[in-house]
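Some notes on the structure that comes next.
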Protein chains: 2
Amino acid sequence: LDYQHVQVPFEITLWIMLASLAKIGFHLYNKLPSVVPESCLLIFVGLIMGGIIYGLNDRSPPVMDSDIFFLYLLPPIVLDAGYFMPSRPFFENIGTILLYAVVGTIWNVFGIGFSLYGICQVKAFQLQDVSLLHNLLFGSLIAAVDPVAVLAVFEEIHVNEKLHILVFGESLLNDAVTVVLYKLFRSFCEMPTIKSVDVFAGVGKFFVVGLGGVLVGLSFGFTAAFTTRFTKDIRVIEPLFVFLYSYLSYLTAEMFHLSGIVAIISCAMGMKRYVEANISLKSHTTVKYFMKMWSSVSDTLIFIFLGVSTIGENHEWNWPYICFTVIFCLIWRALGVLVLTFFVNRFHVNTITSKDQFIIAYGGLRGAICFSLVFLLPDFRRKKLFIAATTVVILFTVFIQGMTIRPLVDLLAVKRKRESAPTVGEQIHIRFLDHLLAGIEDISGHWGQYYWKDKLEYFNSKYLQKILLREYDQPKSSIVLLYEKLERKHAMELAQAGQLGHGPAHPSFLSSDRTVITDQKLEDTPNPDVLDNMQEILARNLYRIRRTGPAYNRHTLPGDSEPTEQAKEILILRHKSL
Amino acid sequence: LDYQHVQVPFEITLWIMLASLAKIGFHLYNKLPSVVPESCLLIFVGLIMGGIIYGLNDRSPPVMDSDIFFLYLLPPIVLDAGYFMPSRPFFENIGTILLYAVVGTIWNVFGIGFSLYGICQVKAFQLQDVSLLHNLLFGSLIAAVDPVAVLAVFEEIHVNEKLHILVFGESLLNDAVTVVLYKLFRSFCEMPTIKSVDVFAGVGKFFVVGLGGVLVGLSFGFTAAFTTRFTKDIRVIEPLFVFLYSYLSYLTAEMFHLSGIVAIISCAMGMKRYVEANISLKSHTTVKYFMKMWSSVSDTLIFIFLGVSTIGENHEWNWPYICFTVIFCLIWRALGVLVLTFFVNRFHVNTITSKDQFIIAYGGLRGAICFSLVFLLPDFRRKKLFIAATTVVILFTVFIQGMTIRPLVDLLAVKRKRESAPTVGEQIHIRFLDHLLAGIEDISGHWGQYYWKDKLEYFNSKYLQKILLREYDQPKSSIVLLYEKLERKHAMELAQAGQLGHGPAHPSFLSSDRTVITDQKLEDTPNPDVLDNMQEILARNLYRIRRTGPAYNRHTLPGDSEPTEQAKEILILRHKSL
């Protein structure tokens, strides 16, 4: 037996296996995951595992290594989050999200830090040796809402899209603020005196860390898109580039002390559109599946490790400090959300309701990032107290808040996510309104989001697409893409049932069989009439729609595409249908 | 800048990136890969990289770590090989493959070892200090044909299936022999005296190492299949289990000093059938794609590292020893193939032609396994000589033999692989013949391969499928599966062209449009008439075929499935088609 030799990969594989099997186990009993969030169950499994290890070895189980967390476990989750980020609600609410992420996090850090310092002054609590700087340092690591924890809980409760993106977007983008404040206070702790210059340098760093992350991410994202232009002959390594470039963007950002999370999100959002157009359908399935799989495994491992690391002798217990930490975390977040939303609502027509505000404040879950940061602290006398307080806050938010948020959402009747995809009609209207509003903003000289979106779209179709896409054809409008997807799904269903017609669809045949279609469709789709009519219209005219370009576009003229190409393709299609 | 912190993942990612980009680079110039095998190009890239590193650092570039090779780079390639192994030709030729792998390898090891020892006795060569044991040890590592190198070259030259499986199967299964002999001689080298008991123990080890590997592999494979029974609710982690269990089988086998390669191949071949039936179509696409991707990356990295490691000061040059090593490798392999094939051909109707024999002998490429094994040797005076000889043999076989094998295959007009998939008619005939031969063997009392195959099939359908498959329905016959695949592809094509008929296929409609189908099909498939007719027959009768079970099976009675279920499903389908 030669265990030493294979130890590292063997143990890693076993941990992943345990995580995956735990996941299967939960889903075998359908009732459990509907009451308790998966993250709680996983932490619970981790606690048991930790207890077993502690019992057998008689010493603390190994704590989650911060390097492993930041270098290997976090990136897949953030990549997944960035790649599948609903870009429309994200950019529509980017202002509010940034306000929460930057101002809200700073508010929380200083609020928690100063009020804990106040508590430390009470002689009865025996905490006078904890300095203000240490309290602020602790505040900077405990204030940040954790994207992994938020995602795990919010994915299960299905609140409306806007509310989801507000909480989740904040948890992602506050990384830049957390990184800066945490490093700032940590270096202050080690400095003998602090000059005002250092404080100003800290403020300047916000912009460097955040914008630097965006820049690094976008440049890697565009390089990835550019690389996939040339993979036509080796489809098999296409998916690799998506992962390689995003990971490189994360590592590069970390290397330069920029925000890795911001970088990988920008990279994923930047590349997605072009990569999807360049790679094959199967490669794309692989990318999507593997991203989900990887992030799901990372997520599971993080929560299990969180549980395992909780057990042991790393903790120093001090009731007042720990209790007040939990209370201040709750209070300052609630206050912050109230104050900030007051300002946000003054400038928006579509206001954030008080129910939504409550869920935003209540959904501020802490997770593995705080946990890793507290272990990264330099050794000093009260580190174990900070570790204990952090652990309690995480367990409190994940267990108590995570388990009660679903009943609360039900109780308050918070607006839920609509389950059905937007219909073709809705999509047409949304697109029409976008163009209309862009036009209005253009005329009125107001540079709002529609104006910028329109300019970006122009830049995209004029330069980016030509460089990054392999076949720079007419870009397909989302309606045509939706229709193609529906057609593909329909074809697969027919093939499955063995009812595929082998001929092209004549209009005459279509109309004579219309009753059959309506019957069939009624069972499958949510609003069959609308879809069905649309589908029929599109089926008859697909060719024409495909060629007329992406609906109306302010930057393309009707006769933009080359007439000879069009004529050739018409000929080919005619020939085929004969 | 904090490079230290991210160094490990950053450098790994960069190496993979380099490998992938090199691959893209080769394929941009279509002419290059058609003349020079990719493996040669990659080694060449590695040589350049090594030269650059050597030039910049003024010291030898790092050699490929044997642990990294055996633990991380080799498993994906072998997993891919095992998972996509054409099982029919493999099992049809398993006797011949085992003969080549076991007897052939032993023959080569002792042949090369003893004749090199003879060379060492020549005083002029100054090699008298190399003992017989050291020569045999060297023989054991240089004799084994390398699966990675063989796969890389043979995948590009498309020889017929039997020839391919003979060379490739040998290269995979000789691992057990190599492991045993290498470890045996290495421990002999360290022993003061060798008793005859040790030699017999070595012989016994063959069976333990080989059969142990098969056992470990199969048990993990069946566990994997069993696990995927329960993944219906979390499709997203399904692909993970395929990778986890196969990797665990490899590591477990290595841990117990069994053959990891044999284990992972048995695991992959054992699980494939059941896993495919259990997991979703998209998961399966992901598994296939990711396996190919991973093995392709590993493969690329291995050849690049091989090139990089060649540069440097690890070599001791001795013309006679190195030249004679190359010559003996060629001679003993050629002799071995000739002698073994003589015996094989006496017992087979379907003989191995002399052209095939030449290609088998010539295709005995050495690769990274030898290279890693030679670096794993304990330090002794002549280790650098062995390293140099191994490097030369690898470069000679990969470059000279790898580059000339394609012209030789053309010149000799070796039978090529047929490019088209077997038609439905052929499949029916093959299946029919299988059953017929199994019956004949049963009656005649001759326990040949058909008899065993039939028994295995019986065991499979009676026990294994019931335990390992989620929906133990009528297993689908390969013909129905082929038909379904064709239908799906056809449906996708129609959907792509926007010509999908929305109604079920009435026979009347079918026949009226028949000319259209034939026209369409002529462009796509190799033998359109056969397929077309079959497809039409199946389309009309798919429902009936789906229910009558897997063609004729000696172990199922016609009325095996429950009549009420059948009736229910007929009703549902009738209702739908109304």
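Positions of Cβ are set from backbone N, Cα and C atoms, glycine also.
Annotated features in TrEMBL:
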type	residues	note
DOMAIN	A:17-409	domain 'Cation/H+ exchanger transmembrane'
DOMAIN	A:525-578	domain 'Sodium/hydrogen exchanger regulatory region'
TRANSMEM	A:12-29	transmembrane segment
TRANSMEM	A:35-56	transmembrane segment
TRANSMEM	A:68-85	transmembrane segment
TRANSMEM	A:97-120	transmembrane segment
TRANSMEM	A:132-153	transmembrane segment
TRANSMEM	A:165-185	transmembrane segment
TRANSMEM	A:206-227	transmembrane segment
TRANSMEM	A:247-268	transmembrane segment
TRANSMEM	A:289-307	transmembrane segment
TRANSMEM	A:319-347	transmembrane segment
TRANSMEM	A:359-380	transmembrane segment
TRANSMEM	A:386-409	transmembrane segment
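Predicted-model confidence for the domain 'Sodium/hydrogen exchanger regulatory region' (A:525-578) is 47, expressed as mean pLDDT. The recorded stretches the transmembrane segment (A:165-185) and the transmembrane segment (A:359-380) share 3+ CB pairs below 8 A when only pairs 6 or more apart in sequence are counted, and are therefore in contact.
Against the transmembrane segment (A:35-56), the recorded stretches A:97-120, A:247-268, A:289-307 differ in Cβ pairs under 8 Å, and the greatest number is found for A:289-307.
Beyond its flanks by at least six residues, the transmembrane segment (A:247-268) meets 70-71, 74-75, 78-79, 81-83, 85, 147, 172-173, 175-176, 179, 183, 208-210, 212-214, 216-221, 224 of its own chain at Cβ-Cβ distances under 8 Å.
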